[in-house]
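Lifted from TrEMBL, the feature list:
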| type | residues | note |
| --- | --- | --- |
| TRANSMEM | 33-56 | transmembrane segment |
| TRANSMEM | 63-81 | transmembrane segment |
| TRANSMEM | 101-126 | transmembrane segment |
| TRANSMEM | 147-165 | transmembrane segment |
| TRANSMEM | 197-218 | transmembrane segment |
| TRANSMEM | 238-258 | transmembrane segment |
| TRANSMEM | 356-380 | transmembrane segment |
| TRANSMEM | 392-415 | transmembrane segment |
| TRANSMEM | 436-454 | transmembrane segment |
| TRANSMEM | 489-507 | transmembrane segment |
| TRANSMEM | 527-548 | transmembrane segment |
| TRANSMEM | 554-577 | transmembrane segment |
Amino acid sequence: MSLFHLVLNSFELPDAYVCPEEMKHEYFPRHTLGTYFLISGIILILLYIPCFVVMIKSKSRNPAFRIMIILAIFDMINLSVNSLSTGILDLIGASFCQYPRLIFCIGAIGDGTWMAGCAACILLAMDRCVEINSKFFLAFLFYKRPFHVVLLVVGLYWMYSVWFAKPLCFSAQFSSWFFDPKVGKDPTLYHNVAHTINNLVVSAATTSLYIYMCVFLIYKKGKSANSMWMSRNKNQVIIQAVIICSFHAAAAYIYVYMQFFYSPPFLYLLGQLTWQWSNGCFCVVYLTINRSIRSSVINMVSNIVPNNTVVGYSSEPNAISKEIVRLGGSSMSTLYSLCFLAMLTRDLIRHPAFKLMVCLAIFDIPSVFINSMTTGYMGFHGIYFCDYPRLIIFFGANGFGLWLGCSLSCISLAVCRISELNSNIKIRWIFKSPSIYFLMIACVLVAFYGVFWTKPLVFRPEYMSWFFDPGTGLDPHFYYNLNQPVNNIILTIITLTLYTYLVSILIREGRQIGSNLFSKTQRLVVLQAAIICFFHSIGSMIYVYMQFFYSPEWLIVAAQMCWQICTGSVSIIYLSLNQAIRSSVRQMICPKKFQQTNRVSYISDPNQNSNI
């Protein structure tokens, strides 16, 4: 009963995780807790991101910084589970039985990342002990070669915990995660011994190590009264130790107790909160107590215009970048976020097309942040690659990876729409559970491939656009990224073919059916298809041309605008042409007296539900 078992068996759930039919329709919305977890999770991740960027940019590569970078990755993944996912599921009121495979996968990632994060916390505590006492008996672990082996062990432990340990399952009734999916079967079937051992070890180890560190500092301070370093930093180190140790130890002990003994509901909620803050407290500690990281973050986000190294280029703010910051990125992100929340409602998310549209939104919203707001900010301040090379590579790698995930999601969505309109094409099984979840995971894996294993995009302020060539004077052929032309050519050919076929089906069927409803739906779907296909195809082909041939400035700006519009205009299409999403957004943001009394009905028959 692990994620590996689930994938190996074509996402067929084991018998212990099969839900009774009546439980599939039980929802327990908890709007207050859901709002708290969602908003606090977003805030904590937004606070963690600049700390993470500062640590990546730092020239220091000592063991402590490497562990902190790894720990930051684990923490942000865990915050996505214990805060963002928890908040969304609470707002919907969905438990394991509503989305069993999705929650199974999220729970496996959350549990595995927690266990690997615990190992990283222990390593960080050991390293701090070594820093204050070079004779500490575990100092040999942080020498160059042994340390690489230690990091490899942590990575293998993460893979084991995610793929081969029993997953956590969410219960909206208690707003918490359990190993028992609460489907009415023997709870002892779900005991996770590895998790229990992990929690006991991390509690004992971190507590012991931080107590040792605090006692050593106090003892050293007493022996070294003239030490200015001790005078300034002793209290800060002790406070950091107490905060970090308290949350990790509390979360570990509570979850061990919950797994084996009866627990009241308040203890479930307390365990969930301590799990959240055991990951979120690091960014708060970094920004409030750690002066080095706090100063670097303040310097990074300040509005100081850097000195540019490009001869003849002026860093004076321009009107185009200002408009992108104020209007383009902000408005598109806001509108898309509303559509994204609307698509998560029970009436919509149960449709295969909406599952793929949610997947597309996950790629589009951060893409808008990069190709609009980040582009506008850096263009406004004239930030060149050589000013912040690591930061720009980070954004560029994510931008290209998100584009790859977006491309596969668009193709999948086009195929899904065709399968709904033409029942003669025997591909509907792809978009039924569990196959559709496998397809969504494939989109995420493609995005990860683009982020971590391909050449990144680099921002060039003189063109207000992103290139693979950073413009540092080296041979441009060195920066060619063949993944981009292959992806873009495939995207253009397939989307044009599929949407042309889709339009031909609608025109043919429209001639045969005299329904006014069908005629209206026909016009809307054709228009949506034409807009989405046009910008994706134009943007794809321009960027392929730009990578290999000389391009005038107007073409470069046109490519950047196409990238921005093809990721951001989807929200405008939803709100103007998609009645289901528009109605859900209106219900979400408008007072009841301004809402229509008749509610839109959703029918599973694709021929009657084509306007979704």
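Glycine is treated like the rest: Cβ placed from N, Cα and C.
Scored by C-beta pairs under 8 angstroms, the transmembrane segment (392-415) has its highest count with 436-454, from the stretches 33-56, 238-258, 356-380, 436-454, 554-577. The transmembrane segment (147-165) and the transmembrane segment (63-81) are in contact, since at least 3 Cβ pairs between them lie under 8 Å (pairs 6 or more apart in sequence). By the Cβ criterion (under 8 Å, sequence separation of 6 or more), the transmembrane segment (554-577) is in contact with the transmembrane segment (356-380), since 3+ such pairs are found. With a threshold of 8 Å between CB atoms, the same-chain residues lying at least 6 positions outside the transmembrane segment (33-56) that come near it are 65, 68-69, 72-73, 75-76, 79-80, 82-84, 86-92, 175, 269, 276, 279-280, 282-284, 286-287, 293, 296-297, 300-301, 390-391, 394. Here the transmembrane segment (63-81) has long-range neighbours at 41, 44-45, 48-49, 51-52, 55-56, 106-107, 109-110, 113-114, 116-117, 120-121, 123-124, 127-128, 131, 142, 147, 151, 154, 158, 177, 275-276, 279-280, 282-283, meaning same-chain residues at least 6 beyond its ends whose C-beta is under 8 angstroms from one of its own. Residues 118, 121, 128, 178, 195-196, 198-200, 202-203, 206-207, 210, 213-214, 217-218, 267-268, 270-271, 274-275, 277-278, 281-282, 285, 289-290 of the same chain sit 6 or more residues outside the transmembrane segment (238-258) yet have a Cβ under 8 Å from a Cβ within it.
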